[in-house]
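Below is one structure, written out as structure tokens, with a few remarks after it.
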Amino acid sequence: MSAEREIPAEDSIKVVCRFRPLNDSEEKAGSKFVVKFPNNVEENCISIAGKVYLFDKVFKPNASQEKVYNEAAKSIVTDVLAGYNGTIFAYGQTSSGKTHTMEGVIGDSVKQGIIPRIVNDIFNHIYAMEVNLEFHIKVSYYEIYMDKIRDLLDVSKVNLSVHEDKNRVPYVKGATERFVSSPEDVFEVIEEGKSNRHIAVTNMNEHSSRSHSVFLINVKQENLENQKKLSGKLYLVDLAGSEKVSKTGAEGTVLDEAKNINKSLSALGNVISALADGNKTHIPYRDSKLTRILQESLGGNARTTIVICCSPASFNESETKSTLDFGRRAKTVKNVVCVNEELTAEEWKRRYEKEKEKNARLKGKVEKLEIELARWRAGETVKAEEQINMEDLMEASTPNLEVEAAQTAAAEAALAAQRTALANMSASVAVNEQARLATECERLYQQLDDKDEEINQQSQYAEQLKEQVMEQEELIANARREYETLQSEMARIQQENESAKEEVKEVLQALEELAVNYDQKSQEIDNKNKDIDALNEELQQKQSVFNAASTELQQLKDMSSHQKKRITEMLTNLLRDLGEVGQAIAPGESSIDLKMSALAGTDASKVEEDFTMARLFISKMKTEAKNIAQRCSNMETQQADSNKKISEYEKDLGEYRLLISQHEARMKSLQESMREAENKKRTLEEQIDSLREECAKLKAAEHVSAVNAEEKQRAEELRSMFDSQMDELREAHTRQVSELRDEIAAKQHEMDEMKDVHQKLLLAHQQMTADYEKVRQEDAEKSSELQNIILTNERREQARKDLKGLEDTVAKELQTLHNLRKLFVQDLQQRIRKNVVNEESEEDGGSLAQKQKISFLENNLDQLTKVHKQLVRDNADLRCELPKLEKRLRCTMERVKALETALKEAKEGAMRDRKRYQYEVDRIKEAVRQKHLGRRGPQAQIAKPIRSGQGAIAIRGGGAVGGPSPLAQVNPVNS
């Protein structure tokens, strides 16, 4: 391949160092710039605290993203497209600029990092290569979080395991792979993965990565002419930074993340140290998932570039030195790189034949050497010219070494790593022992894979147990809190028990005092019992007097209840009549609530209140009657005006009808005159035709007479006479025709005018007819309304008369009730006076206690009377306010109902919007899931082949290659 460059079989890891500028917090803290850059052309050394470090390249803080990419990563693009594996990862402490170096700002041509630039470069190189090459590119994106591999393209895959393929190359089993055909597809995958990556805020970095991310680009290419297949993997790794808890202030989950990050980075450092030592036979790749994934990149088949990112601040001097030491050790690690070529059956066969021929030649040479060796062992001295020259043997055995070396480089390089690892053991171990050891290693690796699976299952089981333990701890914490609550409650109860004991003691003392007092009181009670017996005798006497008064009072109550019933019946009848009158006067309005059944059990105050309401209703009906009378007078006036307008309309209608009849007669006469003119026209036309016939006859006679010479003169005379007659006839005919035409034009003009007038009259007639019908309809409506008003007025007049009679009746009944009340009060006062006199005539009018009781009862009666009157007044006021309050309540209820309806509609609308939004979200998710499933998942994926020398190629069903894409070729991005 022309774009290939020569790469040695053994290649050192390339280490570049990049320093970021001081940030704001470091400048505010007063940190100094402790790094020094010696002035050399190559820019490959750095000095800190007097110690110099050498790297492949050192970038100062002002180095641009483009410069970093060109120096550190651009060369790997051609290696990957040539079939080699490549790895680029950034190493350093937290907030040292690793993510900025690897990703940067995607889409910004100045600030974008290595990953977007290398993606654009890969596609640009593909589009510029030979046309007969076809590429298939797929990408994976996952992170190592809390020492668990989590797929960033499918968040449901949270604990993936690492396995090895048939060539012992580690890979992440079950990771999502997406086929891509353009840089835009790759950027979409990157953005999707970035949105799922774990980040957090620490004291040193607002966007601190909490996991190691691995972005894998797998490029497979096929030469369509010779079916040669190459494959290359490019690992783009963004490591999480090492942290010091004292500086980052991590706690809780962030602290656990920091522990796992430091643990995996420590394992990475151990692997680098073991590889740099060169004498260790065991490399601890399996100590961490990170080193297990990067096994091929560290001492394996890959071209690796490490970007160590450092801080120049004195605050981070110790971490910077540690990072520089890591880079210096990594620079000594050697990788064995080879082309990942998939040979065809013919190629394997050809190589087999060559190796077979080579083996046969070598066997012949070995036999010669064995013969010579046997002669030497037999004591025979072999002459110099008979001795076999080893240099000639090697040259003869490998006549085409240069050609074969290029063809067998892949097979030899694939075994180079194993030869290096087994170099110290190959001298003492036989071939059979090596085979046994290889089988044993295979078995041990298989056991390790099984153990990985078991560890994965055990980790999941441990997660479940951890959740159960957390639940149990929560239950224990709740039980502990309840126990503490019960302890405090028990302490409180004990305190209450102690206080209760003290109270019991006090109560016992009080009981003793009460016992003493009881004896004293019992004596006093005996004395009082004697006094009570005497008072009981007096009470019996007073009770008899009270019973007599109670009997009389009951009789008075019966009379009063009888009077109340009579008053109630009268008011019931009165209110019923008032209700009927109100319905007659204002049937559409709400009348007073007259529930007669409710008046039966009411008292006098209720009757007075209802009577007050009746008087108010009567005054209201009077006002309504006056309003109705006024409206009736207005309606009568309007009816008179309407009758006048109707008569005027009828008069105008008669005149218009007369005009219409006149115009119709005139039109008939005009039509007759037109018919006469038409007849005259026809007569004149007939005369013209007859004259033309005579003229033709005369011409024929003239022609006949031309032969006769004798009649020539006569013919001339006749001809002259005939010409003169014809001229006269022609003139007369012309005059008549012109007169007839003028007359026809005048008649036609007159007819047009008559038609216009007739049309206007027809329109006016139709308008008048419509107005007449409308007036008639309004008159009918007014007449019906007037009849209704007259009937209503008559009913109201009758109701007014009935109301006047009812008012007289009510006044008489009220006067009667007033008189009865006066008589009842007088009788009651007389009876009370008699009782008072009788009581005073007894012994001193009773005891002092009874007098006090009577005065107390009288005061209570007066107070109750006042309260009752006040309640009656308040009740009347409330009855007046009740309609207004009911109206306001109805308005409020209507408003509440309207608001409830609006709220319900708003909730329904919100629910509909929410359902629609949820439906759209589910639909989008389903579409995205289907899109993702179309590109990944357990089912077969349709590859997106990319043909070199042009843009992305369209594909048919089943992944077959179609014609070239009409899309324009992607322009190279300035990297």
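Any Cβ shown, glycine's included, is placed from N, Cα and C.
Checking the ranges 624-667, 668-711, 756-799, 932-975 against Swiss-Prot, the region 'Globular' annotation falls on 932-975.
Most Cβ neighbours within 10 Å, among the binding-site residues GLY92, GLY97: GLY92 holds that distinction in the structure as shown. The 10 Å shell around the Cβ of THR94 (ATP binding site) contains 25 further Cβ atoms across the protein chains shown. Applying an 8 A CB threshold to same-chain residues 6+ apart, the list for GLN93 (ATP binding site) reads GLY241, SER242, GLU243, CYS310, SER311, ASN316, GLU319, THR320, SER322, THR323.
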